[in-house]
Number of protein chains: 2
Amino acid sequence: MPVLVMKFGGTSVATLDRIRRAAKRVGVEVAKGYDVIVIVSAMSGETNKLVGFVEETSPLFDAREYDAVVSSGENVTAGLMALTLQEMDVPARSWQGWQVPVMTTSAHSQARIEEIPTANITRKFAEGMKVAVVAGFQGISPEGRITTLGRGGSDTTAVAFAAAFGAERCDIYTDVDGVYTTDPRICEKARKLDRIAFEEMLELASLGAKVLQTRSVELAMRYKVKLRVLSSFEEMDDAAGTLVCDEEDIMESNVVAGVAHSRDEAKMTLVSVADRPGIAAAIFTPLAEAGVNVDMIVQNISEEGRTDMTFSCPTNQVARAEKVMEEAKAKGEINFHSIVADKNVCKISVVGIGMRSHAGVAAKMFRVLANEGINIQVITTSEIKISVLVERKYMELAVQALHDAFELDKG
Amino acid sequence: MPVLVMKFGGTSVATLDRIRRAAKRVGVEVAKGYDVIVIVSAMSGETNKLVGFVEETSPLFDAREYDAVVSSGENVTAGLMALTLQEMDVPARSWQGWQVPVMTTSAHSQARIEEIPTANITRKFAEGMKVAVVAGFQGISPEGRITTLGRGGSDTTAVAFAAAFGAERCDIYTDVDGVYTTDPRICEKARKLDRIAFEEMLELASLGAKVLQTRSVELAMRYKVKLRVLSSFEEMDDAAGTLVCDEEDIMESNVVAGVAHSRDEAKMTLVSVADRPGIAAAIFTPLAEAGVNVDMIVQNISEEGRTDMTFSCPTNQVARAEKVMEEAKAKGEINFHSIVADKNVCKISVVGIGMRSHAGVAAKMFRVLANEGINIQVITTSEIKISVLVERKYMELAVQALHDAFELDKG
C-alpha cells in the first residue's frame, strides 16, 4: 500500500470536535487505499501552558525535564486521535516518540532526528492496521531521555516520517489554506500559490511566513518529500492547498514568488570599531556561541582605521547581544565606541527562483521603495532573495507596493 | 544511604506553589541523609479532564489508548517536581514509568506491577543524585505499551517502590492528616490514630475510607513496608500522621480501631430462586465475569425448594448486575421470580484486630443499633470486621452511636 503522511497542527486538534473532523479527513485517505501515518501536535494552548509551568518553576530549567513535561501534550492528542479513528471503525493505534522509536540527538529542546526505524509500524500495517498516529515534536535521546525538536517540530516529525517510509506525499493541515504571495492580513491582493519550489519556501519560512517550520522544508528538500500545505477548516479537495515541490515540477512561475516581512528584527550597530583583519570573526564568533541568531551583516567603509559594523538579530536577543559585545570589549577582544540598538525596523524580502535567470529584480525593488519615499537601511541578497531593513512604519506600504510592482496578484 | 519513598497525591501537587511546598518536605528528608524516591500523581483535576476527553471521544474505548492518554498527567508533575527540586539545589531527575521500567501486566487500566528493576535509579543515587521523581500510576506492558494501575494507583506505585528498594518507610502525603477512628465529617468526636495495623487499614480502605488504596495496603502488608499517611498541608513533625504497620508494632490498642461507612452500596435481592446444589455458583460466576463487585451475600432459609438470595454491590453496577441476572435466567442457568434493587441503604462496619481476642463485639454492635431503633438488613463478619447494611437515613446516627459505644474518642 502507498503511504501517506498527514500532519495536524495545534489549531486542527484544539477540541474533540476538531479531532473528529481531522479523523474524517484521515478516513477519506484510508478509503482511497493509503496506509496513513498521522502526526499530531498538542491541542492548541496546551504546549504554552506546559512551557509556562516550566518557566515559572525554574527560569533556568534543565532542558531534559522541560522536554519530559512539554512533550506530554502530543501524547494526549495521539491517543485521542487513535480512539476517534477506532470509533469510525478505522484500525488505528497511537505511538509516542520513544515507542517508534524516533531516535534523536541529545540536544534537548532542539534535538535533531537521527533515525526513524520503520519496522514496527510497517509490521502493524501488514497486520491490517490502517493508521499509525504518532505524537509529533518528540523523540528519545541515546541516553533514553525524552527529547523535543523545538517549536514547530511536528512539521519536522511529519517530513522525517514521510522520508523514512517513502511516503507519496506529506500533507500539513493547518489553519491557513496554503502559501500566499504575501501576508493576506496586510495586503488584500495576496494570492494563494498552487505550487512553490522548496528553495522559495525555505526562504519564505525563514523570513517569517509561519506556515511551515524551516527545518521541515530543508528536510523535505533533501529527501524530495512532496509537501502539501492545506487548511483543516475548509472542504476537502485534491487540488487544495499549496504543493511545495521540486523546481522541475513547476511549469511556469513568476520571477518573484512572494513578498515576506518580519517585524521581529532589530538593527544593532557597533559604532567606530577598530578595524583590523579578523575583526568580523572576533565580533560574530562570541555572538554565535551565545546563541544570537545574526541575520544581515553590513560593514561600512573604513575611515582612519575605524568602521561601523551593523547587523540584525531577533528583537528578543538584543539584550543578550549587547551583553556579549560589552564582555568582548572588556576582555579586549574587540574595541568600539558604542552600541546602538534599533528595534524600530522591519525586514522586507522578495523571493523567487526566477531571479536566478532574471536580472534587474533588485534594481526594481529599490526603485519601487524609493518611489514610495521609503529609505533602505540595510540590504542583503542571496541567489533567490533580496532583503532590506526599513523603518517599521513603512512595512505595509512596502509589502503592498512590491506586491503590485511584481504583479503577484496575477497567477 | 537509607531510602525513603514519599508520595504526593493530586491535591498536594495541584499548583506550582503546592509542588514547591511538597519539594521542601523532600528537601528536609534529603538533609537528614535519605536517598528519596518521590512518587507523584497528576495535578488534581487533570486526570479527570483526560478521562473525560477519552470517554467523550469513545464510550467503549480501547484501554490501551486510554492508558496512553490518561498517564500523561503524572509525567507533567514528575518533570515539574524534578525542576522544583533542582531550583532548590537538590540533585533530582524525573522518570516516567517506561523509563524505570515499571513492568506490569497487560491488563490495561488496571494493570498490576510485576517487577521494578532498581539498577538504573540505584546507579544514579550512587552518582550523587538525591531524589528520583517517578510518575505514579503507570507502567509498561510486556508488549511495550503504556499501562495504568487504576484509580489510586499512585499509592500502589509508592509501596511497590518502597518494597523494591527496601525503603525505610513509605510516606503518603495527602489532604488529610492521618487515619481517623471514623469520618470526621459525620462524627465530630472522630480521633486521629497514631498507629493502625495493616489488616485494620485494609478493611477500612476497602470499606470506603478513602485515605489509601486497598491494593497499596495489601502490598505493604505482604512486603512489610511501613506506611505513613500524613497531610501535606500541615506543619512537618516526625510524629505526624498515622503509621500503618505490623500488628506487633502496636503496643496497645482498642478492641475496635474504627467505624467505617459507605454510601456506595446497593442491596439486590433475587426473589424466589429455585434452590439446588450449585445455585450460588450459577448466580455469582456470571456476575464476577461481568465485573460486578459483589460484597455481602446472604441466603435466606429455603422453603419448598425456593429461597431468596441477597447480595450487595456498588450502586453504579446495579444495572449491569440486573442485566447479567436476566440473561442467565433467559439461558435457563438460574430461575427466580424477580429482582429487587434497593439503593437506599448504607454499609456500617466496625473494624479492629482486637476482635480476634475479644468476644462480644458483634453482640454489642447489634445492641447499640437496636437501642437507636435502627433495623439491620444484612450482616457479614470477618475475623476483624463486622459489617451491616442499614437504611441510608440512619448512617450518621449509626456511626456516632457506635463511635461512642466503643469509646473511640479515647486514645
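Easy rule for this one: first residue shown is 1, then count along the chain.
Note: Cβ is positioned from N, Cα and C throughout, glycine not excepted.
All annotation found in TrEMBL is predicted automatically rather than curated by experts.
According to TrEMBL, the feature ATP binding site maps to B:K7, B:F8, B:G9, B:G10, B:T174, B:D175, B:Y180, B:R185, B:K210, B:V211. According to TrEMBL, the feature substrate binding site maps to B:T47, B:E74. The domain 'ACT' annotation in TrEMBL covers B:268-344, B:350-411.
Binding of ATP is attributed in the record to B:K7, B:F8, B:G9, B:G10, B:T174, B:D175, B:Y180, B:R185, B:K210, B:V211, and the widest Cα separation among these residues amounts to 25 Å. In this structure, the CA atom of B:G9 (ATP binding site) is 12 Å away from the CA atom of B:T47 (substrate binding site). Counting Cβ atoms from all protein chains shown, B:T47 (substrate binding site) has 21 others lying within 10 Å of its own Cβ. Rounded to a whole number, the distance between the Cα atoms of B:E74 (substrate binding site) and B:K7 (ATP binding site) is 12 Å. Averaged over the domain 'ACT' (B:268-344), the predicted model reaches a pLDDT of 89. Remark: secondary structure over the domain 'ACT' (B:268-344) totals 27 helix, 24 strand, 26 coil, with classes taken from DSSP. DSSP assigns B:T47 (substrate binding site) to a helix. Neighbour counts were taken as the number of other C-beta atoms within 10 angstroms of each residue's C-beta; across the binding-site residues B:K7, B:K210, the minimum falls on B:K210. A separation of roughly 27 Å, to the nearest angstrom, links the Cα atoms of B:T47 (substrate binding site) and B:Y180 (ATP binding site).
DSSP assigns B:T174 (ATP binding site) to a strand in the three-state reduction. The Cβ of B:T174 (ATP binding site) has 23 other Cβ atoms within 10 Å, all protein chains considered. B:T174 (ATP binding site) sits 16 Å from B:E74 (substrate binding site), taking the C-alpha atoms as the reference points.
Neighbour density for B:Y180 (ATP binding site): within 10 A of its CB lie 22 other CB atoms from the protein chains shown.
DSSP assigns B:E74 (substrate binding site) to a helix. Its Cβ taken as reference, B:E74 (substrate binding site) is surrounded by 31 other Cβ atoms within 10 Å in the chains shown. In the domain 'ACT' (B:350-411), the DSSP tally of helix, strand and coil residues is 29 helix, 16 strand, 17 coil.
Spacing of B:K210 (ATP binding site) relative to B:E74 (substrate binding site) is 20 Å (Cα to Cα, whole number).
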